[in-house]
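If you check TrEMBL, you get these features:
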type: BINDING; residues: Gly113, Trp114, Thr115, Gly116, Thr117, Gly118, Lys119, Asn120; note: ATP binding site
type: DOMAIN; residues: 283-340; note: domain 'Torsin-1A C-terminal'
type: SIGNAL; residues: 1-25; note: signal peptide
Amino acid sequence: MRLRRGALRAVLALVLLPLLTPAGAVEPISVGLAIAGAAASALTGFISYPRLYCYFRECCLQRHDPRAAAALQQNLDKKLFGQHLVSKVVVKAVRGFLNNTNAKKPLALSLHGWTGTGKNFVSKIVAESIYKKGLQSKYVHQFVATLHFPHAHSINLYKDQLQSWIRGNVSICPRSLFIFDEMDKMHAGLIDSIKPFLDYYELLDGVSYRQAIFIFLSNAGAEKITEVALDFWRNGRTREDIQLTDIQNALSVSVFNNKNSGFWHSTLIDRNLIDYFIPFLPLEYKHVKMCVRVEIESRGYAVDEDIVSRIAEEMTYFPREERIYSDKGCKTVDAKLDYYYDF
């Protein structure tokens, strides 16, 4: 910090020198050359220190920043509702991986659950905890199945392009983050093209992928997750009683055998290359109300509990008889708020 302030003071002094020098005291051209040379020298020394250089420009994360895990935990605790398993597993998995200086393979997380339960939101928070620019970072790469891989007849082309993209970006930044959305709409076999990058290889063509992170998002397996959650509810047990071991194996089998999962008979599952299958539980009425409150506050308005309740009640819930879970999670909260407030 002392070095940073000193360098900044040196540069500022050089920039202000013409303003403080009496007119005619020195030749303008000589002063200009002197300032340019000294400023270049000061700046060269300034940016030669990686931390200082990265203060002004985004850099690939080479070392673990202890603040990343803390920020991840804080944001999940504050903004994610009804997902105790997600908060626990994601924080432990990401923190452990970032702390591991000798990882044997990349980190691979597969997030599953109904629309609106928080999968995209969590992947966004993970990206922001590692890179300040989050999803806008040049080291974070997001793929949407229906946008980037729309045609089944082009699957071989997609495989080549995907492999080249991953290889090129990890070569530039080993700590690259890849997010694959709409996995349940991914053409069968396409995702297996990245299997070598997720395996336990030290190097592939001179490139190590062991610091990279892969996150897969899918609606596949949501039925199995809901089935477990309903069983707990009907047996008088709370959702917080649900443990990862109650769902994870059944979830991975369900996804593996689902032709519309993107992981159908995938070698990524068969070879146990997915580190965690993370279930997003369906959201209840109380969780929808939490989402509404946070969204109102984020827009700078005082929370009106009457509006909170009305929006939550407008949601549709399932099963039809019990009406326990919101069928869209918190997905439409933002749009419904526009109706009640003149923003």
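A Cβ is built for glycine as well, from the same backbone N, Cα and C atoms used for every other residue.
When DSSP labels each residue, the domain 'Torsin-1A C-terminal' (283-340) comes out as 32 helix, 5 strand, 21 coil, counted as helix, strand and coil in that order. The most crowded of the binding-site residues listed here (Thr115, Thr117, Asn120) is Thr117, judged by how many other CB atoms sit within 10 Å of its own CB.
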